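**Q** Quick one: this structure, given as structure tokens, is what I'll be asking you about.
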Amino acid sequence: MSQLTHLDDSGAAHMVDVGGKPATERLARAGGTIRMSAEALAAIKAGDAPKGDVLGTARIAGIMAAKKTGELIPLCHPLALDAVDVAFEFGEREIAVTATASLTGKTGVEMEALTAASVALLTIYDMAKALDKGMVIEGLRLLEKRGGKSGHWIAK
């Protein structure tokens, strides 16, 4: 009936059985951006935000979120991640967040990378909202994936 792997022949949702698949090296990178006022960005860069170390807290939040993805996203397998990295890059009025997740396993880590990036962005908002309530989170997307049946993919 459907080509979606999370639906059975009758259209009902189910968790995909990955038991028979071989374990392979897998990696996913995801990212997004949070735009803000110049003042808020300067405070974050200087470590002067009222709530403390914004980027350090956002990094830990992103890593924790990646580890909890199987609990947050229905039908997503709980995974034993080998590594998660959350990196930040400053722009003129924004911070770009890139999260990378990897493992050797039977299913991909795209959702873990996306969850890490989104929660890191949300944490930046939470930690800096006293400085700028009008911050805008945008462009959350998968940037790259490696491994598995579909091979290597890079966003255009």
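Glycine too: its Cβ is placed from the backbone N, Cα and C atoms.
Summarising the annotation, Swiss-Prot assigns substrate binding site to Leu75, Cys76, His77, Met111, Glu112 and lists sequence analysis as the type of evidence. What Swiss-Prot lists as active site is Asp126.
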**Q** Neighbour count, 10 Å Cβ-Cβ cut-off, for Cys76 (substrate binding site): what number do you get?
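**A** The answer is 18.
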**Q** Out of Glu112, Asp126, which has the highest number of nearby Cβ atoms, where nearby means within 10 Å of its Cβ, if these are the recorded positions?
**A** Glu112
**Q** Cβ within 8 angstroms of the Cβ centroid of Leu75, Cys76, His77, Met111, Glu112: which residues besides those meet this for the substrate site?
**A** Thr69, Gly70, Ile73, Pro78, Leu79, Thr107
**Q** Starting from the Cβ of Met111 (substrate binding site), draw a 10 Å sphere and report how many other Cβ atoms land inside it.
**A** 22
**Q** Consider each pair of residues in Leu75, Cys76, His77, Met111, Glu112, all listed by the record as binding substrate, and report the largest Cα separation in Å as a whole number.
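**A** About 13 Å separates the two most distant Cα atoms.
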**Q** Between His77 (substrate binding site) and Asp126 (active site), how far is it from one CA atom to the other, in Å?
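**A** Their Cα atoms are separated by 28 Å.
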**Q** Which three-state DSSP class does Leu75 (substrate binding site) fall into?
**A** coil
**Q** Under 8 Å Cβ to Cβ from Leu75 (substrate binding site), same chain, six or more residues apart: give me those in sequence order, or none if nothing qualifies.
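**A** Once residues fewer than 6 apart are set aside, Leu75 (substrate binding site) is near His6, Ala13, His14, Met15, Val16.
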**Q** Whole-number answer please: how many Å between the C-alpha atoms of Met111 (substrate binding site) and the residue listed as 'active site'?
**A** 22
**Q** I'm trying to understand the geometry here, so how far is the Cα atom of Glu112 (substrate binding site) from the Cα atom of Asp126 (active site), in Å to the nearest whole number?
**A** 21
**Q** Taking the Cα atoms as reference points, how far is the residue listed as 'active site' from Cys76 (substrate binding site) in Å?
**A** 26
